[in-house]
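These come from TrEMBL:
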- 9-35: transmembrane segment (TRANSMEM)
- 55-75: transmembrane segment (TRANSMEM)
- 96-117: transmembrane segment (TRANSMEM)
- 137-158: transmembrane segment (TRANSMEM)
- 170-190: transmembrane segment (TRANSMEM)
- 212-234: transmembrane segment (TRANSMEM)
């Protein structure tokens, strides 16, 4: 922990997570709040939300932020992804905690700004996740687990350095996975799959009803994806001692930059 704490590049990565999370939340939730009143026969009807538009906004914003700061922080932008990489022994415990703190803070700040920007919208829930009518807590939890599982599995698989068959853009693939999760879950839970995103809306809206689902579901889904990928689908050869060292000290290769050497960079893909 001490070695990471002293590295400038580590704190740049934490700041990058905060900044990218803030932009991601503002753009994605802003798109969900900004849908129009459909007008028929000169009468304004009840609001209707375009799930495809919102899903694409979440997915494309994640892809854009991953492309923008992936080389600095890895662009986790989700505590469930951070947990998955922690259990995969690719980041330290200290880094995971700082990332989650930065992600939650970024979500709160962005949602607070959105609260001011959209204050005139009637019934503004600020993107609050909630269970749809007819969906109970257990069903909502299952949706969140499955939607998060496929996301974290995609992150681990597309950024696995042992692979040489991956072509195209990893950020885009992950963004499409986020969009896919939203296409599935919006009609059931509003789609959390990101505890920090859910926390920001719940805190600013001061509504924590069933909020536990949007932490427990993504945590179970992310942890399951990491364990299944690492120990069943694509087992790693590193021994337990080496894996435990990463938890305490981080990966040495990831923080070998000193000063402002522009010829070096932190790789987006985990080691």
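Just so you know, glycine gets a Cβ as well, placed from its N, Cα and C.
Scored by C-beta pairs under 8 angstroms, the transmembrane segment (9-35) has its highest count with 96-117, from the stretches 55-75, 96-117, 212-234. Contact between the transmembrane segment (55-75) and the transmembrane segment (170-190) is present: at least three CB pairs lie under 8 Å, with pairs separated by 6 or more positions in sequence. Contact count against the transmembrane segment (137-158) (Cβ pairs under 8 Å) is highest for 212-234, out of 96-117, 170-190, 212-234. Remote same-chain residues near the transmembrane segment (212-234) are listed as 78-81, 83-89, 129, 131, 137, 140-153, 156-157, 160, 162, 189, 192-195, 198-199, 202 (criterion: CB distance under 8 Å, separation of at least six residues from the stretch ends).
Sequence-distant contacts of the transmembrane segment (96-117) (same chain, six or more residues past either end, CB-CB distance under 8 Å): 13-15, 17-26, 29-30, 33, 73, 76-79, 82-83, 85-86, 124, 126-127, 195-197, 199-201, 203-204.
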